[in-house]
Amino acid sequence: MSKGYLIVFEGIDGSGKTTQIEFLSQYLATQGQALRAWGVKVISFPQYGQNEYADRISDYLSGKLGKLSDIDPYEMAKLYASDRKTVRDLIKGWLKSGKLVISNRYISSNKAHQGANLPKEKRAEFFKWLDELEYQTNGMPKPDLTILLKVDPKAGQENSQKDHKVDIHEKSLEHEQKATQIYLELSKKEKNWTVVNCMKDGKMKPKEEIYQQILRILHGQVFGN
């Protein structure tokens, strides 16, 4: 394919984004010539250890900058946007050369998690400001497809606690509930979103079952049959 394609995986903490991206990357590496020739590039945000903005984000998530209620969402959103901007030209270069770019979190993650720290009546203004910052001022490419992994916030929180030391977002069930609602609202309002329901009977589905759902979506919308 001559044109590159940007796929974004979104979802609250513990929704399984990293696992599904790993599955997808392995799948694409073993498929036929057409998919292999496309070439796959994977990027994840924040880029911990790669720049000063991501280091500051790490301090924020670890609680070193204070509680969630102490932090200005606009200032944090700028840090996340600045972290992303450091690889803008890299991503654009991949897309220009026809690569399939898979991003673990992107601009909508900034909306969901920082928007969760604002009153509902102030979120629309914040989203408009953030779109202008990320897409217009910083020149980030827009996703061709955003896949939202929908999980129950409590299940996501429990999943996060199994894997690693939780950050200030993951510790707060209220925050994850608000972020979930924002993600679902974005999926209805913004273009090119697909929601994957990762829950069944109150529990997360097996990761292999979720992966098969994602593959069906990608073959229907991106790869063809």
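Yeah, the Cβs are placed from backbone N, Cα and C, and that goes for glycine too.
Features as listed in TrEMBL:
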DOMAIN    9-198  domain 'Thymidylate kinase-like'
BINDING   G11, I12, D13, G14, S15, G16, K17, T18  ATP binding site
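Locations of recorded TrEMBL features on the structure.
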residue: G11; record: ATP binding site; contacts (Cβ under 8 Å, 6+ apart): K17, L148, L149, K150, V151, G156, Y183, C198
residue: I12; record: ATP binding site; contacts (Cβ under 8 Å, 6+ apart): A112, V151, P153, G156, E176, A179, T180, Y183
residue: S15; record: ATP binding site; contacts (Cβ under 8 Å, 6+ apart): L149, K150, V151, G156, N159, C198
residue: G16; record: ATP binding site; contacts (Cβ under 8 Å, 6+ apart): L149, V151, N159, C198, M204, K207, I210
residue: T18; record: ATP binding site; contacts (Cβ under 8 Å, 6+ apart): S44, N104
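The ATP site, placed at the center of the C-beta atoms of G11, I12, D13, G14, S15, G16, K17, T18, has further neighbours from the same chain whose C-beta lies within 8 angstroms: L149, V151, G156, N159, S160.
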